Structures are given as C-alpha cells and as structure tokens.
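Participant: I am attaching a structure below and will ask some questions about it afterwards.
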Amino acid sequence: MQRALLALSQAKELDFSSDRSLWHKICKNEYRRCAVVEAYDSVKFLLLYIIKDR
C-alpha cells in the first residue's frame with residue numbers, strides 16, 4: 001500500500017513535466033527503465049493483437 005501511495009505522489013509531481021524530463025528521470029534507475037520498456041512493449045503487442053483480430 002505504501003508503494004502505491006508513493007507512486008501516486010510521484011505521478012502527481014510529474015503531471016506537467018515534458019516527455020524528455022520524464023524519460024530522463026526513468027532512466028536514472030535501470031530496473032525502472034526496463035519495467036517501462038517492458039510495459040510499453042506488452043501494451044503495444046496487445047493492442048496490435050486486438051486490432052489484427054478484427
């Protein structure tokens with residue numbers, strides 16, 4: 001629960017940040033960068049799968 005609240009407060013702080021500054025902050029931590037890339041690839045795969053099925 002604490003981690004979720006921490007993530008929420010960090011998201012609020014970065015609400016109006018540019019994409020470049022967000023990516024810079026993400027890349028400061030290798031595990032976070034890998035998690036973001038993996039999540040992006042997973043969502044991309046699922047969306048393409050759904051679109052191709054129709």
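Placed from the backbone N, Cα and C atoms, the Cβ positions cover glycine too.
According to TrEMBL:
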type	residues	note
DOMAIN	5-53	domain 'Callose synthase helical'
Participant: Of the residues in the domain 'Callose synthase helical' (5-53), how many are helix, strand and coil by DSSP?
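Facilitator: Tallying H, G and I as helix, E and B as strand, the rest coil: 42 helix, 0 strand, 7 coil.
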Participant: Which whole number is the mean pLDDT over the domain 'Callose synthase helical' (5-53)?
Facilitator: 88
